Amino acid sequence: MDDSYTNFPTSHLVGSVPAVVTEEKNSYKPQAPTANSPILPPNNGSNAGRGYQTLEGEGDGQQSTNKWNGVFSVSSYTEYFNVDTDLVLNRLMSSLNPTTGDFFSKIDANPDLYGLIWISTTLVFVLSSIGNCATYLMQSDSNSSWNFDVNYVNVAACSVYGYALLVPLGFYFLIRYMGISASLIRFWCLWGYSLFVLVLSSFLLIIPVEFLRWTITIAAATTSASFVALNLRTYVQSDDLMIILVASFALQAALTIFIKMWFFS
């Protein structure tokens, strides 16, 4: 086609489309926006060369708060109640056979607080109810009237819960003071299951024969105290082991005798 026709101006015609004029593309070089970088604190201590280090004390308050929140959180203790019936029954049977002394090896992978709470609560209920039944049988031959003693519930709760919580805590601090590593959860588990034999003996103490009651009390005290002492012997390795064993045996036996004297006298 002739160049005269192609170069003919057509922008003045109605409906005509103007020719596209190509312009030279300008070269564009993107640049990152400038920002004021924070000034990092100097790292001249023992951790020099390890990158950014937080200032001393930074985050300590938050860590301390999270630690205490975990102590008072119910979800922190759910793992200590993750037990089934067979496991609890096996540990209950172990508490009735103190000569083995292998209780800590059985609970090493999964110590629980279920036995502590369940056995202690059951013992409180049994002592307050069976103790009143025992006094009723003792007074049935006499002409004196009998009344249900509500104080049995208060005394049983304070003595049982106080013993099950505070005595293991005291031994824990004593053993740690001696420089021996110990687990408070395992101690609570041990002392909790040691009370199971006292639940069984409480049902037998309802017999209104004083000689049989003392025989049952001595047998229960020996079984429960031996269970605690013999298992502590395998757990604690110290020159002062004899003191710990004697103290644990004496306290466990004292609790059993207290139960007999207060609830079944």
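Note: Cβ is positioned from N, Cα and C throughout, glycine not excepted.
Feature annotation from TrEMBL assigns region 'Disordered' to 24-64.
TrEMBL lists 33-47 with the feature compositional bias 'Polar residues'.
Confidence across the domain 'Yip1' (97-258), taken as the mean pLDDT and rounded to a whole number, stands at 91. Sequence annotations record features per position, and here TrEMBL assigns domain 'Yip1' to 97-258.
TrEMBL lists 113-138 (among others) with the feature transmembrane segment.
Annotation comment: TrEMBL describes 150-175 (among others) as transmembrane segment.
Here TrEMBL flags 187-205 (among others) as transmembrane segment. With a threshold of 8 Å between CB atoms, the same-chain residues lying at least 6 positions outside the transmembrane segment (187-205) that come near it are 91-92, 94-96, 103-104, 107, 111-113, 115-117, 119-120, 122-123, 126-127, 130-131, 134, 160, 163-165, 167-169, 171-172, 212-213, 216-217, 219-220, 223-224, 227-228, 231-232, 252, 255-256, 259-260, 263-264.
According to TrEMBL, the transmembrane segment annotation covers 211-230 (among others).
Residues or ranges marked as transmembrane segment in TrEMBL: 242-263 (among others).
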